[in-house]
Amino acid sequence: MLFCGALLAARAHADAPAAPQQFARLGDVTLENGAVIHDCQLGYRALGTLNAARDNAILVPTWHTGTSAQLLEVLGPQGLFDTAPYFVILVDALGNGVSCSPSNSASQHGKAFPAFTIRDMVASEHRLLTEKLGISHLRAVVGYSMGGMQTLQWMVSHPRFMDVAIPIAATPRLSSYDLLFWRTAEQAIVSDAAFAGGDYQRNPPLPLFQMVFALNATSPDFRQRKTAPADFDKFLRETVAPDPEAPDANDNLAQIRALLSQDIGAGPGGPQGLEQAAARVRARVHLINARQDQLVNPRAAQALAPLLHARVTLLDSECGHFAIQCDMAPIRAAIEAELKPQVAGATATARPEHAPK
């Protein structure tokens with residue numbers, strides 16, 4: 001997510017895995033709304049080796065505006081899980097500026113790019129695995145934030161494709177509070193004069209969007225602990241300062257609108273309830289959320305858990321949506337336990353490894 005790269009940069013470590021950027025050409029991609037993305041390519045990175053049994057592949061989709069390069073920084077011996085035993089595919093989700101996106105499409109540039117959904121992301125990733133990489137089954141899908149929403153959709157769209165699904169800081173359906181936040185974020189972009197209705201010549205800095213995002217990214221307790229009133233003006237200047245590496249505004253907006261469509265009970269076949277969606281799931285599921293998450297409310301995920309007989313890790317974290325920054329140890333422990341052949345127990349409630357600084 002925007003701001004996520006900066007927050008997670010502190011987690012970068014010398015033993016983070018390395019993998020070159022690769023691309024798979026999918027050609028024309030028909031979306032669930034009937035529109036077509038022309039000449040679509042999907043970015044990805046691959047770590048490790050697919051074993052002889054072909055049962056050690058793990059898919060990790062990107063978060064909102066995140067890239068596979070950023071995912072590398074949260075993996076490895078000190079990250080979400082040790083990649084060494086696995087063949088790990090880090091996939092750049094549709095619209096992130098690496099895969100086919102408003103910013104890099106030659107024929108459908110900017111606001112001419114078709115609207116897509118989380119389900120469309122998953123469909124393109126399924127094509128990457130089956131058509132381009134020859135993978136017909138995954139050990140696991142593991143995703144954070146919008147990557148976790150893709151993980152939840154994978155469970156429903158392709159229920160027998162993975163053994164384990166681990167959505168982190170994700171929801172099966174946006175709550176009214178989530179909708180309020182993301183609609184506000186959307187309006188902060190489209191109402192910005194520099195956005196120019198999506199026809200800008202230079203990527204706009206979007207100061208109001210950055211402020212809205214910073215407001216909810218962590219928690220009130222975290223912000224008050226982190227920033228003294230005397231230091232607030234400096235914090236605000238840094239928050240809204242133009243960033244030459246910021247994601248393209250049309251890409252950002254396209255993925256926000258995909259987030260707004262998140263509902264694993266919806267789809268081309270018509271609306272369903274979470275119960276019907278949950279009945280399709282065959283994977284073992286572990287849901288990881290933070291109570292204080294103000295970007296993605298955890299209640300819908302917690303309500304889904306008993307329908308899936310899922311394990312739950314519910315963190316108490318002042319870092320809120322960015323518990324991944326402060327509380328890597330319990331998150332990593334939960335993931336590593338699920339990746340083992342057998343898991344005992346039912347529910348875990350984890351405490352932070354350390355308080356935010």
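Just so it is clear, glycine is given a Cβ too, placed from its N, Cα and C backbone atoms.
Keep in mind that what you see is a predicted model, and the values were worked out from it rather than measured.
The active site, nucleophile annotation in TrEMBL covers Ser145. Using a 10 Å Cβ-Cβ cutoff, Ser145 (active site, nucleophile) registers 26 neighbours.
Annotated active site per TrEMBL: Asp293 (among others), in sequence order. Annotation note: Asp293 (active site) sits in a coil segment as assigned by DSSP.
Here TrEMBL flags His321 (among others) as active site. Just so you know, the Cβ of His321 (active site) picks up 28 other Cβ atoms within 10 Å once every protein chain is counted.
Marked as domain 'AB hydrolase-1' by TrEMBL: 86-323.
Looking at Ser145 (active site, nucleophile) and His321 (active site), their Cα atoms lie 8 Å from each other. Distance between Cα atoms for His321 (active site) and Asp293 (active site): 4 Å, as a whole number.
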